[in-house]
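Below is one structure; the comments refer to it alone.
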Amino acid sequence: MTGDKDPQSVSRPNYGSISHPPSSEPQQEPLRTTYLSEKIPIPDTEPGTFSLRKLWAFTGPGFLMSIAFLDPGNIESDLQAGAVAGFKLLWVLLWATVLGLLCQRLAARLGVVTGKDLGEICHLYYPKVPRTLLWLTIELAIVGSDMQEVIGTAIAFSLLSAGRIPLWGGVLITIVDTFFFLFLDNYGLRKLEAFFGILITIMALTFGYEYVVARPAQVALLQGLLLPSCPGCGRPELLQAVGIVGAIIMPHNIYLHSALVKSREIDRSRRPDIREANMYFLIEASIALSVSFFINLFVVAVFGQAFYQQTNEAAFNVCANSSLHDYAKIFPRNNLTVEVDIYQGGVMLGCVFGPAALYIWAVGLLAAGQSSTMTGTYAGQFVMEGFLRLRWSRFARVLLTRSCAILPTVLVVVFRDLKDLSGLNDLLNVLQSLLLPFAVLPILTFTSMPALMQEFANGRLSKAITSFIMALVCAINLYFVVIYLPSLPHPAYFILVALLAIVYLGLTTYLVWTCFIAHGVTLLAHSSHQHFLYGLPDVEEKGKISG
């Protein structure tokens with residue numbers, strides 16, 4: 001095993017050269033027709049000094065990225081964590097957010113240093129078959145995330161209309177509102193980023209209101225936040241802890257963030273400018289994810305205070321004796337612990353704290369669904385253009401993604417019930433966790449390559465932390481598989497699972513192999529994969545590499 005600074009990696013021409021910005025294609029018109037069509041200029045300030053003006057110029061991509069930490073899937077995971085474990089899992093939420101920040105830091109750094117997003121670099125470095133499989137997994141993650149947004153938005157419309165808008169009607173409304181929000185592109189990048197900021201503010205105010213009225217016990221809350229323990233916890237709490245990690249770190253978000261940072265004008269021929277951009281993007285991402293953490297904390301704390309170990313019978317009685325007594329029927333009359341979801345959670349808030357709490361909850365849920373819709377659209381566009389070099393209009397792209405998301409959701413709503421819809425939301429959180437290696441492994445691979453990143457390649461500490469994240473994710477996924485296999489309804493499903501597992505493990509093994517090569521394990525470097533050690537020669541940079 002050799003060190004990271006192989007001398008050949010310095011002397012050979014490479015894709016990530018800072019003095020000569022790379023280009024994977026001959027000079028063409030830009031592929032982007034949205035977001036990246038406009039570049040935000042960075043003001044000149046005195047070198048070596050911190051500038052709020054400059055921080056403001058860099059502010060935007062991190063907050064758009066943070067919306068994936070606040071989508072309806074996260075909200076459902078939060079409220080279930082509170083209802084199942086009280087405040088005991090707040091420390092898991094905290095450290096999952098920190099791990100998410102570390103992954104997003106790598107994504108931003110890759111985009112700043114190379115001038116290309118993760119999808120584009122995957123297109124350059126991976127052969128056709130693994131590249132195509134990798135693209136399909138990320139598209140699956142995007143569709144899964146979009147399904148969660150459809151579910152959350154539909155439930156929000158149902159709550160706001162007091163049930164007058166059926167769930168299937170709310171699902172269909174999401175088709176229209178998505179295209180409406182896409183028109184925001186026409187009003188400029190900063191206005192679009194400001195709109196996302198407004199949606200995040202709405203979530204902070206609405207869920208913060210619930211936190212204030214619930215008045216959680218602050219001492220117990222701080223203990224749950226700062227002490228990494230879970231006294232008296234069993235399998236349900238462990239499953240919920242795993243669900244928190246799966247909901248927080250989203251695979252498509254890593255691809256998204258690496259593209260969003262390209263919206264700022266950065267002189268990549270100057271190392272100080274790159275170093276400065278990395279610093280400001282890290283500060284902005286830290287602020288954005290701090291805001292998202294507190295919003296998630298509000299939700300966990302509210303349900304941990306009001307609904308921890310609550311029984312269905314108690315929930316029924318509370319609602320039956322409130323002004324929202326018509327909703328009491330959604331809780332079965334038994335002594336089992338209530339299994340809350342984003343619909344029942346809103347109803348319970350209204351029953352306990354008054355109707356205003358229900359409607360405010362629904363507004364926050366609507367903001368979460370709508371903001372996630374837009375970022376999911378951008379992620380899909382960046383991933384498709386990066387991997388396939390295929391240019392689609394944003395309308396065609398969102399129509400494809402939303403159609404794939406709406407069809408299964410409508411089928412569940414029409415032929416099953418609300419409980420199955422919420423169960424689908426939980427299953428989608430599991431899916432995001434299973435697909436996470438297909439984002440973390442590539443970002444760890446490419447940000448660890450000195451030939452690509454030069455002096456900005458990962459150091460030993462960064463490699464160790466990211467490798468720990470990868471090992472944690474793999475352990476979580478293995479645990480999920482062991483837990484869910486016995487619940488398969490028919491032996492024939494085992495054949496399907498086995499076939500999918502072969503593809504999954506094969507692609508994961510390939511990505512791990514190339515990751516080791518990028519870390520300097522030269523013994524594994526086949527002649528066809530030398531570019532993971534030394535970068536791409538000029539002929540490959542010009543798009544002439546085959547496969």
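Glycine is treated like the rest: Cβ placed from N, Cα and C.
Under the topological domain names given by Swiss-Prot, LEU428 lies across the membrane from LEU523.
When Cβ-Cβ distances under 8 Å to the transmembrane segment (347-367) are tallied for each of 165-185, 194-214, 395-415, 493-513, the top count falls to 194-214.
Residue counts for the topological domain 'Cytoplasmic' (103-139) by DSSP state, with H, G and I taken as helix and E and B as strand, are 32 helix, 0 strand, 5 coil. If you measure from the Cα atom of ASN335 (N-linked glycosylation site) to that of ASN321 (N-linked glycosylation site), you get 18 Å. By a simple count of nearby Cβ atoms, those within 10 Å, the most crowded of the glycosylation sites ASN321, ASN335 is ASN321. Contact count against the transmembrane segment (287-307) (Cβ pairs under 8 Å) is highest for 82-102, out of 82-102, 140-160, 395-415, 433-453. Under the three-state DSSP scheme, ASN335 (N-linked glycosylation site) falls in the coil class. By the Cβ criterion (under 8 Å, sequence separation of 6 or more), the transmembrane segment (395-415) is in contact with the transmembrane segment (165-185), since 3+ such pairs are found. Along the topological domain 'Cytoplasmic' (454-464), the predicted structure has mean pLDDT 86.
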